[in-house]
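Here's the structure we're looking at; comments come further down.
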Amino acid sequence: MKAFIWTLSVLFFLLMGIGHGRGRQFKIKKITQRRYPRATDGKEDAKKCSYTFLVPEQKITGPICVNTKGQDAGTIKDMITRMDLENLKDVLSKQKREIDVLQLVVDVDGNIVNEVKLLRKESRNMNSRVTQLYMQLLHEIIRKRDNSLELSQLENKILNVTTEMLKMATRYRELEVKYASLTDLVNNQSVMITLLEEQCLRIFSRQDPHVSPPLVQVVPQHIPNSHQYTPGLLGGNEIQRDPGYPRDLMPPPDLVTSPTKSPLKIPPVTFINEGPYKDCQHAKDAGHSVSGIYMIKPENSNGPMQLWCENSLDPGGWTVIQKRTDGSVNFFRNWENYKKGFGNIDGEYWLGLENIYLLSNQDNYKLLIELEDWSDKKVYAEYSSFRLEPESEFYRLRLGTYQGNAGDSMMWHNGKQFTTLDRDKDMYAGNCAHFHKGGWWYNACAHSNLNGVWYRGGHYRSKYQDGIFWAEYRGGSYSLRAVQMLIKPID
């Protein structure tokens, strides 16, 4: 670029110099012609005088001496042209030096311009960066304000919750005091009830010396050493209890001394399989082979019911109508409770006399009773047929023949009506449900009491043999660990 500028400058000044030189030559020629006109004739020149003039010229360092003698116009013309060229060269050299200086100035100015442009660009970048930092700072300030607001809200919530907790703690302490007073009151009432019962028994014993129910033998004639029947998962869904619970500790007084006045409804649960089916065998035939809670609707019932179907026992299809595993449910209840059913389906429960009646009368059913003692030994009793008569007959029990290895302690109750504390239908002068603390098909009174009190540890001490016992297995003074009653259609 510099070479190009230099070339253009040289050409420009050359053209100006040439034009200036030609103009000066033209002026000199005219002056010469005017001052020294050509001789038209040599003779005329010889006759005339000759003069020499000193003519000052601009930019000529010395005077020009024009001598007409011995020189012609061409020589003078050449001399003037060389002097002009020398002057032109000097001018061009000066202009070249000036151009070089200007070029340096231009280069310096160009660098300054570039630096200015860079500085402007950096300034714009810095302005953009400052703007970004300002926006970030603004967002940070806003966020901190929001955080401080949220923190204050959380502090208010914590204060409110703390206040509520203090109120709840105060209420809890008040309830504890009330509970302690009610517990003392209940205990006192229980003691008074026991004293009144003993007084009544003493008074009644004077009138009838045989008031106490007959006790079954403490130890049966034979205890089976082994069993050929493989029981199912007794207590497979039982509620876990504290392993440190004393083995000989009896259930709370309210589980022993007072019946429940209102039926305990079975809570809603998540069904394992859809239904309804008429019984568990029907559900198994439909392809459901997993043990669990099913929706069952017997043929003559008004609505479905929930119950436990046990399919782990070969060949499966068993309907569980009663189950005891851990004493978590009170079985000392009134007639209405035993009619409708109570307990937890996946734990201890009684299906209900009406439900058992509807199930057992839609087909021919058999009964299986599984027993487990506190040494983890399991035995069973099976009856070839099972059904209940309607409520008008107080759900009278009908059983078939016995087979099994537990001993037959149920046949003594065959043909008997169901008895509860408020509905006495047994063959005894007193109320067997009162003495055995449960509802059952009592005779006078019991060789089996599977709805009695759940005692921990097996052998228990009680005046009236009110534990869960099977007289032909372990006797009446041994409370079994787990029992369950199951029915299914006869093959």
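Quick reminder: no glycine exception, Cβ is built from N, Cα and C everywhere.
What Swiss-Prot says about this protein:
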type	residues	note
COILED	80-168	coiled coil
DISULFID	Cys280-Cys309	disulfide bond
DISULFID	Cys432-Cys445	disulfide bond
DOMAIN	271-491	domain 'Fibrinogen C-terminal'
CARBOHYD	Asn160	N-linked glycosylation site
CARBOHYD	Asn188	N-linked glycosylation site
SIGNAL	1-23	signal peptide
Asn160 (N-linked glycosylation site) CB neighbourhood, other CB atoms within 10 A | 10
Return the member of Asn160, Asn188, Cys309 nearest to Cys432 (disulfide bond) in space, with distance defined Cα to Cα and candidates limited to these recorded positions.
-> Asn188
If you draw a 10 Å sphere around the Cβ of Cys309 (disulfide bond), how many other Cβ atoms fall inside it, taking every protein chain shown into account?
-> 29
Candidate recorded positions Asn160, Cys280, Cys445, pick with smallest Cα gap to Asn188 (N-linked glycosylation site) | Cys445
Nonlocal neighbours by CB distance (under 8 Å) for Cys280 (disulfide bond), same chain, sequence gap 6 or more | Tyr294, Ile296, Leu307, Cys309, Glu310, Asn311, Gly317, Trp318, Thr319, Lys488
Confidence summary (mean pLDDT) of the coiled coil (80-168) | 86
Among the recorded positions listed here, Asn188, Cys432, Cys445, whose Cβ has the fewest other Cβ atoms inside 10 Å?
-> Asn188
Taking only the Cα atoms, work out how far Cys445 (disulfide bond) lies from Asn160 (N-linked glycosylation site), in Å, as a whole number.
-> 61
Please classify the secondary structure at Cys309 (disulfide bond) using three-state DSSP.
-> strand
